[in-house]
Amino acid sequence: MESLDRVTLRTQGGQTAEVSVYAGHVLSWRNADGQDYLFMSKNAVFQPPKAIRGGVPICFPQFSNFGRLTQQHGFVRNKQWKLVEKSDWAVTLSLDYDGQEFPDYPHPFTLTTRVELCDDVLEQRLAVTNTGKGPGPMPFTAALHTYYTVSDISNVEVEGLQGLQYLDNADGRLQKAEAEARVVFPGEVDRIYIDAPDTVKIHDKGAPGGGLTYEVRKRGFHDAILWNPAAVKAAAMSDLGDPEWKRMVCLEPGLVVTKPVELDPGATWEGAQSLRVLRGGAAAL
Ligand SMILES: O=P(O)(O)OC[C@H]1O[C@@H](O)[C@H](O)[C@@H](O)[C@@H]1O
């Protein structure tokens, strides 16, 4: 069995984040009381090449089936990455792809992720360089597939998506308009919001201590995916049991539909997300 090397980041205030070298994957983000803001399934499998169910899987060079690969969400979440550098509060990991393993993706690239923990903010950057050793421009889609811990999905409202167009994965990818100021989860929700704003908030009214808000800021990623599988789909997932699906919601900065990227040889693209937890009056529940 390959080992799943982990790096632990710490702030002076006592927050921690664990990052796995396998998959370049943020596994946890805990406050000083040990509360994990990122959901990790009890049934998650930490055995390469399985994708890890929870934390922040990186979907690249393809989100879902938006691309030519047969692997849902691409292949970097199933690969061993390299540790580039680390300090108490930041880590950089990278993955080199030589363009050989997947005939449908003959584009060599270097992918880097940097995770920084600073006071109450977790920042994650993703950068990709087309090495120029493949055939011309490199097409890709991507997402930071972030799983948040919630008290119960029935307590969750997502703010910032009203008026946007979205592709409804739970309804044949029909394009629809979001009418709600606060999106709720009466059943399966699996949507790609097109050209989403750079700040979206997840309100969890049932979180201990009077509720909390996850403030998700993104840059470089134009779209945002919102996902909760609900009972029927969750039952079909061996690494997400019942009632665990009630304790998670995914909000994923994505580069999927708006302005698809064709990265020129030698060029670099960079995107990032910055996560913060608001409580009390700041949470505006
Ligand atoms: O089971 P996976 O491959 O990790 O994917 C989980 C989900 O990821 C979401 O981003 C997709 O929108 C869903 O359609 C998908 O089911």
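Even glycines carry a Cβ here, placed using N, Cα and C.
Annotations in TrEMBL come from automatic prediction, not curation.
Record features (TrEMBL):
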type	residues	note
ACT_SITE	His145	active site
ACT_SITE	Glu252	active site
BINDING	Arg53, Gln72, Arg77	substrate binding site
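This view paints the features noted in TrEMBL onto the structure.
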residue	record	Cβ contacts under 8 Å, 6 or more apart
Arg53	substrate binding site	Met40, Ser41, Asn43, Ala44, Val45, Tyr147, Met237, Asp239, Leu240
Gln72	substrate binding site	Ser64, Asn65
Arg77	substrate binding site	Ala23, Gly24, His25, Ala51, Ile52, Pro57, Ile58, Cys59, Phe60
His145	active site	Val56, Pro57, Ile58, Cys59, His73, Ile225, Cys250, Glu252
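The secondary structure of Arg77 (substrate binding site), as reduced to three states from DSSP, is helical. If you draw a 10 Å sphere around the CB of Glu252 (active site), it holds 25 other CB atoms from the protein chains shown. Apart from Arg53, Gln72, Arg77, the residues listed for substrate, the same chain places the Cβ atoms of Ala51, Ile52, Pro57, Cys59, His73, Asn78, His145 within 8 Å of the centroid of those Cβ atoms. With Arg53, Gln72, Arg77 listed as the residues that bind substrate, the site has a largest C-alpha separation of 14 Å.
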